[in-house]
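Peer 1: As annotated by TrEMBL, domain 'Acyl-coenzyme A oxidase N-terminal' applies to A:20-139. According to TrEMBL, the feature FAD binding site maps to A:T145, A:G184. Positions annotated as domain 'Acyl-CoA oxidase C-alpha1' by TrEMBL: A:294-418. Summarising the annotation, TrEMBL assigns active site, proton acceptor to A:E403. The feature domain 'Acyl-CoA oxidase C-terminal' is assigned by TrEMBL to A:463-641.
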Number of protein chains: 2
Amino acid sequence: MDPSRDNPDLTEERRKAKFDPEKLGNFFWQGQLKRRRQICDYVQAQGTELAPAQPVPFMTRMEKLEDVARLSVGMRKHAENVIDVGSPQEQFYFNSLICGYDGSPFHLHFIMALPAMINNCDEEQAAEWLPKLFNCEIIATYVQTEMGHGTNLKALETTATYDASRQEFVFNSPTITSTKWWPGNLGKTANFAVVMAQLYTNGKCYGAHPFWVQLRDIETHKPLPGITVGDIGPKFGIGSNDNGFLRFNNYRIPRMHMLMKHAKVLPSGEYVPPMHSKVGYTSMMYVRSVMGEIRPGAGEVKVLDYQTQQYRLFPQIARVYAIAFTGIYIMDMYKSVMANINAGDASLLSDLHSLGSGLKSVTSWQTSLGIEQCRMACGGHGYSEASGLPALYTMAVGGCTYEGENMVMLLQCARSLMKLAAELRSSDRINQRDGKKCANPVTGYLYNVSPPQKCRISQESGPDAYLEAFEHVARRNVFRAYERLDQLRKRGRSAEEAWNESGVELTKASKAHTMNFLAKTFVERTKLMDDPASRAVLENFVSLFLSYELLHCAEPLLEDSFISAQQMEYVRLKMYDSMQRIRPNAVTVVDSFDFTDAELKSVLGRRDGNVYEHLLEWAQKSPINAHDVLPFHDKYLGNYMKETLCRVWHRAIHCRVQSQRARPRHFCCSAHFGSPLTQLTAHIDPFIAQKQ
Amino acid sequence: MDPSRDNPDLTEERRKAKFDPEKLGNFFWQGQLKRRRQICDYVQAQGTELAPAQPVPFMTRMEKLEDVARLSVGMRKHAENVIDVGSPQEQFYFNSLICGYDGSPFHLHFIMALPAMINNCDEEQAAEWLPKLFNCEIIATYVQTEMGHGTNLKALETTATYDASRQEFVFNSPTITSTKWWPGNLGKTANFAVVMAQLYTNGKCYGAHPFWVQLRDIETHKPLPGITVGDIGPKFGIGSNDNGFLRFNNYRIPRMHMLMKHAKVLPSGEYVPPMHSKVGYTSMMYVRSVMGEIRPGAGEVKVLDYQTQQYRLFPQIARVYAIAFTGIYIMDMYKSVMANINAGDASLLSDLHSLGSGLKSVTSWQTSLGIEQCRMACGGHGYSEASGLPALYTMAVGGCTYEGENMVMLLQCARSLMKLAAELRSSDRINQRDGKKCANPVTGYLYNVSPPQKCRISQESGPDAYLEAFEHVARRNVFRAYERLDQLRKRGRSAEEAWNESGVELTKASKAHTMNFLAKTFVERTKLMDDPASRAVLENFVSLFLSYELLHCAEPLLEDSFISAQQMEYVRLKMYDSMQRIRPNAVTVVDSFDFTDAELKSVLGRRDGNVYEHLLEWAQKSPINAHDVLPFHDKYLGNYMKETLCRVWHRAIHCRVQSQRARPRHFCCSAHFGSPLTQLTAHIDPFIAQKQ
């Protein structure tokens with residue numbers, strides 16, 4: 001580090017600072033600034049041993065998995081040399097320096113599996129498994145989520161059926177949707193797992209319970225017979241985590257592998273309920289589980305029936321129409337402007353240029369945000385590249401930058417709006433009545449000499465009153481920006497300084513101008529639909545667009561009392577009403593876009609809706625799944641698990657029990673993941689107390 | 001396609017539709033629905049020949065480049081069989097079905113290079129090169145953007161210096177920042193390019209002009225001596241496009257390769273300016289170029305001096321503090337709640353749970369949006385994985401979904417708020433004065449029996465008046481949601497239906513409740529900073545946070561006239577004022593976070609600010625750049641270019657000139673990219689007219 005070779009712009013910036021960054025930094029890091037630097041220096045001094053083999057973006061997923069296995073084993077040798085392994089902050093920093101932030105093979109082991117075992121093992125189980133877990137003689141994960149069910153514990157379908165004749169539980173995945181899906185490190189790393197499954201005994205179901213399930217052979221690391229396990233395939237990010245899937249086919253575990261701290265199944269098959277209901281795992285999960293239903297007991301409803309889901313998705317469809325219809329309009333306008341120019345009339349050229357800049361910016365950003373909302377509305381599966389949505393987003397969001405960065409585009413649009421505003425402010429009223437200018441479809445509204453001063457929206461009003469409101473927002477924002485510019489000029493700023501200091505207001509003017517045009521064009525184009533049933537559908541989307549978008553730019557309407565609180569309420573009611581009207585036609589509207597499966601390349605967005613079997617099929621094609629055991633497994637994780645030296649556990653227990661130090665050094669292992677040590681301590685303390 | 005096997009939920013939805021999707025679809029696609037299906041059927045009938053070799057997400061970038069080369073050559077054999085090659089819509093659809101939407105090797109050739117040549121070639125140049133370009137005997141791209149300069153044409157640094165003794169132009173890349181960067185298909189595909197460079201002749205610079213530059217050998221496809229060209233490395237998306245870099249080292253081209261339709265350089269070196277200024281390329285680019293300066297002539301300023309850039313970045317830093325400080329508070333609260341529970345008092349548990357749910361949702365989304373703003377604020381380079389921002393985003397945005405989907409979390413937070421609201425509405429006023437409840441740091445504000453009815457924000461007011469406003473928003477949203485619930489119940493909805501139909505309002509209540517807590521905690525924690533200079537810095541961020549966030553939730557404040565228009569103006573002025581105060585310390589504030597380069601893994605976010613040389617170094621490590629010529633080049637593109645059968649050109653000209661059909665079939669070639677045919681027609685028509 002040689003500051004004299006720094007970029008001089010940065011050096012100048014640093015020189016100008018009016019405070020000491022060490023002091024602010026130390027406050028931010030709660031006094032740990034010095035420690036952070038010691039840790040960083042140590043890691044860097046180890047060179048390639050604790051550094052990525054190459055920049056991560058150049059690695060294939062296989063290479064990422066290998067490198068993080070190498071690093072996560074490597075860092076353990078060093079942890080106690082440099083960090084206080086009892087400090088979550090230090091652990092977290094140490095881990096992020098070496099393994100990055102995409103997870104490591106031990107991530108779920110410590111953050112989920114170990115706490116779940118501590119919480120749910122009875123004494124005998126704890127004595128057998130906790131030492132192995134702390135020692136990493138095995139690597140475990142926590143397996144709850146199924147393909148068809150996220151947070152709804154009651155809906156889990158995996159079954160664990162007690163067979164009294166052999167004192168075993170028989171695991172099955174009776175449907176495609178029961179396939180366990182998403183657990184981190186499940187695909188290739190973990191050889192054991194805490195698995196949530198519906199417990200059946202003596203012919204009765206007692207609900208979801210946790211079981212301790214071996215997945216892979218300790219020696220060979222191969223999946224055991226009856227187990228199908230693999231990687232779920234590439235995701236939007238976190239490529240170095242082998243999030244996995246798991247299916248059971250008459251897979252048997254001993255009775256004693258049901259985790260029996262709370263509920264039990266006796267050898268006879270008799271179910272012994274927990275002393276208190278909702279203890280242990282259930283207490284944490286119950287609340288989340290009840291969110292899965294609208295009417296309790298009626299089962300899971302279609303996600304489209306949730307108002308919050310409609311609110312996410314339907315406005316995006318409305319925007320599709322508004323944007324597509326405006327695109328058609330603009331293409332026609334382009335042709336007619338070109339024809340006019342050839343005939344010697346370039347009067348509409350600047351409007352076209354300005355509008356094009358505004359539309360480029362507003363629509364590319366709305367499109368990107370919309371794709372992300374759709375992706376997140378799919379829950380976890382949207383994050384998988386199987387959904388096609390990650391690639392769609394990264395492609396579309398590029399449009400916010402290339403061919404004119406969006407902020408620059410908005411300012412360019414504002415250029416011509418400000419020219420127009422200056423003209424209008426300086427010209428007399430007669431000129432403003434110029435019929436041709438008032439009729440201009442893009443800027444005509446600015447020439448209106450007597451625009452309405454009060455909003456006319458009522459409970460029954462159609463699009464016109466809404467369009468007036470959009471015009472009001474646009475007019476107001478344009479002239480406000482102009483006045484700010486003008487005032488700054490009068491206060492002595494140069495034209496360029498005034499322009500810069502008005503930047504944010506100028507972009508607001510451009511956005512409002514553009515939104516006004518989108519709204520107007522959507523309304524106009526919809527009138528051209530001659531099939532009444534289809535036009536009724538479009539009109540619902542027009543209503544939604546007008547109400548939804550108006551609520552998102554209501555501030556100027558309210559600020560000068562153009563709109564009343566009562567009218568705002570009408571707008572909201574219109575929005576909710578539009579969503580309800582859209583609901584029954586929603587799927588068919590999406591059908592009508594006629595996007596084929598071949599074009600969408602999405603396992604989720606498929607015509608037949610049979611998403612789960614195809615998701616499983618898709619994942620199985622992943623190159624990672626060409627190997628039951630990854631080629632580098634033995635070299636790093638396999639070898640590490642077999643070095644069974646009771647590495648940490650004994651020290652941990654002894655240290656904790658004997659010294660009663662506030663920060664025992666017994667969580668060296670947890671340095672892998674920056675675990676919430678507080679939580680882990682809360683789990684382990686009662687267990688240790690028992691042992692004393 | 002067998003609808004009887006469709007997911008029955010979807011079938012039911014389709015059955016319920018009240019309109020005919022064929023009619024709406026045909027309106028949306030402007031009457032082209034039937035054609036789309038014919039095209040799709042044709043493509044699917046070709047099987048693997050026109051389909052990706054495997055799902056795109058499983059491919060490495062090298063595999064993606066190979067597959068799109070195969071497909072883009074393959075589709076040309078079929079285009080005329082199935083599409084009207086004069087229809088941009090059909091071209092676009094055909095292309096997207098086969099090549100996807102990430103671009104293809106011919107993308108820039110048709111969309112940029114060919115129009116640039118038509119616009120800038122003189123007659124002789126046109127006669128020589130246009131047939132070759134239409135025929136794809138060569139593949140060209142358009143090269144303007146440099147590493148250090150996006151849209152500012154005047155700032156380009158690449159030089160083309162005329163050497164009269166040899167009648168050649170000598171090209172050089174005098175600095176790192178002059179490296180051409182980003183042009184699509186430049187890395188490995190194009191063997192020619194239209195290159196923008198500063199023209200020097202007889203010792204004088206005449207500004208940026210277009211030149212026709214051969215990059216690679218026609219036979220071997222190897223870069224020519226004096227040319228360094230390669231792929232810029234992986235990006236957020238569009239992995240199948242070889243966006244490239246290009247450097248010149250005394251590379252010579254013939255004088256006649258300056259594109260001389262407008263300006264000329266005579267053999268003597270005399271410069272002949274264009275007949276009209278700002279013609280041709282300059283007319284399109286001039287406007288964009290003037291956006292690069294605040295004071296014309298003063299050169300490019302630091303991007304941080306743009307108000308719009310500050311508006312993008314500084315609020316994100318403010319949020320970092322608000323979120324981090326709240327994190328510290330929550331961890332302390334967690335510990336004390338746990339201690340209380342052990343002492344038998346669980347009164348704060350539901351507050352903690354509820355607040356945690358709200359914070360999880362609000363902060364994960366703010367963080368994700370903030371990262372995207374930072375990425376886009378870096379312009380094009382933010383889109384490169386070199387910036388580290390794409391990976392940061394994909395990791396962070398996962399947090400909006402996992403461990404409790406954000407909408408679900410907001411509804412969970414609302415659960416306890418609604419319980420509280422019901423309690424407060426039903427209890428008498430005495431209870432509400434309960435001192436302990438009023439003092440509750442999370443929900444105490446809801447117990448306030450006499451909250452201010454008017455906002456106290458003035459030009460001078462500090463945080464307290466702002467915090468009152470946040471409390472007002474939260475209180476209002478909470479009780480509005482409660483009242484909606486209550487009304488729906490009174491109108492006969494079940495509790496669950498009412499809850500669902502209030503979903504959006506409930507999430508707004510949770511967000512406002514959470515924002516209120518974030519604001520309050522930020523203000524409080526800042527008081528603990530004992531270094532006055534650092535505290536002053538933090539206070540500016542507090543001011544920015546309070547003003548920026550309040551402007552983004554102002555609707556409820558305005559709607560019930562809590563705040564006046566004048567006060568809104570004070571809030572805006574506070575925001576602009578805070579940004580100005582932050583500006584001089586901005587870089588050092590970011591330094592004070594003490595993130596090391598090793599941790600950030602960003603070529604842009606580096607301490608020394610020397611981004612450009614490291615960007616070039618980084619790109620050169622890309623696996624794609626291990627090959628000067630990609631291993632599959634000859635098989636697809638190389639072979640295709642050499643099949644010089646005057647494939648399209650003659651037919652094109654003849655067809656156009658002789659038949660005068662409205663939609664000539666002369667753009668078969670353009671079917672590669674879904675080109676804006678209108679634009680291309682506008683370019684080619686005058687050229688054809690000349691030929692007649």
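The backbone N, Cα and C atoms fix where each Cβ goes, glycine too.
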Peer 1: Please work out whether the domain 'Acyl-CoA oxidase C-alpha1' (A:294-418) lies in contact with the domain 'Acyl-coenzyme A oxidase N-terminal' (A:20-139), by counting C-beta pairs under 8 angstroms that are 6 or more apart in sequence and asking whether there are at least 3.
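Peer 2: They do not touch: fewer than three Cβ pairs between the two stretches lie under 8 Å.
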Peer 1: Of all the recorded positions here, A:T145, A:G184, A:E403, which one's CB has the most other CB atoms within 10 A?
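Peer 2: When each Cβ's neighbours within 10 Å are tallied, A:G184 leads.
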Peer 1: Express the predicted model's confidence over the domain 'Acyl-CoA oxidase C-alpha1' (A:294-418) as a mean pLDDT, rounded to an integer.
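Peer 2: Taking every residue in the domain 'Acyl-CoA oxidase C-alpha1' (A:294-418) and averaging pLDDT yields 91.
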Peer 1: Counting by DSSP secondary structure, give me helix, strand and coil numbers for the domain 'Acyl-coenzyme A oxidase N-terminal' (A:20-139).
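Peer 2: Helix, strand and coil residues of the domain 'Acyl-coenzyme A oxidase N-terminal' (A:20-139) number 89 helix, 0 strand, 31 coil.
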Peer 1: Return only the integer: C-alpha distance in Å from A:T145 (FAD binding site) to the residue listed as 'active site, proton acceptor'.
Peer 2: 43
Peer 1: Which three-state DSSP class does A:G184 (FAD binding site) fall into?
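Peer 2: DSSP call for A:G184 (FAD binding site): coil, neither helix nor strand.
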Peer 1: Of the residues in the domain 'Acyl-CoA oxidase C-alpha1' (A:294-418), how many are helix, strand and coil by DSSP?
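Peer 2: So the counts come to 98 helix, 1 strand, 26 coil.
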Peer 1: State the Cα to Cα distance, in Å, between the residue listed as 'active site, proton acceptor' and A:G184 (FAD binding site), rounded to an integer.
Peer 2: 39
